[in-house]
């Protein structure tokens, strides 16, 4: 938007250099994303394993066995019980993120991350040992609570630890860990599907303990963020920590800003009531719309159900799991693109480019499926068309992985003033989980009824969200986290919501409003 340059000039610079200490801290914290990623990847693969379906979801298994080409290809997996296996996790995460927001505020970011890791660990043990659907879903619920805690605390922790100039790249460590988790899960599924005796799915589910152990043990050694220490009243500790993070002793000015923000935060007793005030309107809208849109890109449909989707298109069992590994690889490598560019070209540029690329891919996939399977959903695809769909899906995944994927977690976690940060991040996580749940729950049914139109359905949303970003999201790169209000104040639409007293650092910054 207009006025981007003036903003850059007005924000202060607190040493953009990164210390080894911060790098290690952020790497360890980001492993919190592993548990979420592993879980996203594992459930789709396990639910396409025959042995697993036969044991827990016999009706789906029977439908698949009857498949002689007459079955409607779009409807093979339509079962509410099967989807509730996948989606029980997200409802649990949604509820847990509100509890986590209180934990995060009162006991610090670190305690939340620890709690998440431990609960997730118990869940993975239950799942690996499951003998019936109840145990299975109970395990999933515990995993969900773990994920809710991790997703609430990790992005906030990362945004607070990182220097402003590198906040984007370090925060994306979280998204990178999610993609590594997904990829690991896809590889594990590919391997365990080959285990004789049909217990492969147990290995897949129980291995979720590995990322949980990495995260839990890592978190024990993490320090707390200066913001969090101040929030709990440890002023000296906070200052020492800030000096350690920035790698020099001269942190007076930044520390003064943190204290200012923290004093403001302490005056607020009800962050939940406060977040509804007009002055927080832009942040509130973003923390609801960004995760909502992130789910409506249709990405989780591809990720959860990649093996199922590829099986439907006509790849065999092995090939379907292999295709999922390919999309997992693309997802991971594309995330590196965003890590390298987010603090240089900025958030908006990535959002807009990714949106356009996703839209094109979705329309093409929809057209190809429509031509091959028609509305009846009966038909088959030639090898070449199947590979074309795979390539398009990869291009789509790549676009997501350098735009809405990481930015959907980064932007909401960096725009909140401290006094409503925990509450804001909880809203972000719960909206995200709620719509992940809705989509997980209805996707297979939608695929069954909307057929190839599903891709146009998500394409429509991608178009809307790209316009939303274009008009309503200001650029936030390189802006110190305590000075975000200055940017909202200059925005053509949001400016009117931000009162003048909300601008931090007015006494030593010129806040000239650029001409639009």
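Glycine is no exception: its Cβ is also placed from the backbone N, Cα and C atoms.
Residues 113, 116-117, 120, 143, 146-147, 150-151, 153-154, 157-158, 161-163, 170, 173-185, 207-208, 210-212, 214-215, 218-219, 221-223, 244-245, 247 of the same chain sit 6 or more residues outside the transmembrane segment (20-38) yet have a Cβ under 8 Å from a Cβ within it. As annotated by TrEMBL, transmembrane segment applies to 20-38 (among others).
Here TrEMBL flags 25-477 as domain 'Major facilitator superfamily (MFS) profile'.
Per TrEMBL, the feature transmembrane segment maps to 89-107 (among others).
Positions annotated as transmembrane segment by TrEMBL: 119-149 (among others).
According to TrEMBL, the transmembrane segment annotation covers 169-188 (among others).
As annotated by TrEMBL, transmembrane segment applies to 200-222 (among others). For the transmembrane segment (200-222), same-chain residues at least 6 beyond its ends with a Cβ under 8 Å from one of its own Cβ atoms are 25, 28-29, 31-32, 34-35, 37-39, 42, 45-46, 49, 51-52, 110, 113-114, 116-118, 120-121, 123-125, 127-130, 139, 143, 146, 150, 181, 184-185, 188-189, 191-194.
Annotation source TrEMBL lists transmembrane segment at 284-308 (among others).
Annotated transmembrane segment per TrEMBL: 320-342 (among others), in sequence order.
If you look up TrEMBL, you'll see 354-375 (among others) marked as transmembrane segment. With a cut-off of 8 Å between Cβ atoms, the residues of this chain six or more beyond the transmembrane segment (354-375) that come close are 73-74, 297-298, 313, 381, 385, 388-389, 392-393, 395-396, 398-400, 402-404, 451-456, 458-459, 462-463, 465-466, 469.
Among the features that TrEMBL reports, transmembrane segment is placed at 387-405 (among others). Through the fold, the transmembrane segment (387-405) approaches residues 175, 178-179, 293-294, 297, 299, 302-303, 306, 310, 313, 323, 326-327, 330-335, 337-338, 341, 350-351, 353-355, 357-358, 361-362, 364-365, 368-369, 381, 465 of its own chain, all at least 6 residues removed from its boundaries and within a Cβ separation under 8 Å.
Through the fold, the transmembrane segment (425-447) approaches residues 74-75, 77-80, 82-84, 86-87, 90-91, 93-94, 97-98, 100-101, 104, 148, 151-152, 155-156, 275, 284, 287-288, 290-292, 294-296, 300-301, 304-305, 308, 312, 408-409, 412-413, 416, 454, 457 of its own chain, all at least 6 residues removed from its boundaries and within a Cβ separation under 8 Å. Annotation source TrEMBL lists transmembrane segment at 425-447 (among others).
What TrEMBL records for 454-473 (among others) is transmembrane segment.
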Most Cβ pairs under 8 Å with the transmembrane segment (320-342), selected from 89-107, 119-149, 169-188: 169-188
Integer average pLDDT (0 to 100) for the domain 'Major facilitator superfamily (MFS) profile' (25-477): 86
Distant-in-sequence neighbours of the transmembrane segment (89-107), which means Cβ under 8 A and at least six residues beyond its ends: 39, 43, 115-116, 140-149, 151-153, 156, 228, 231-232, 271, 422-423, 425-426, 429-430, 433-434, 436-437, 440
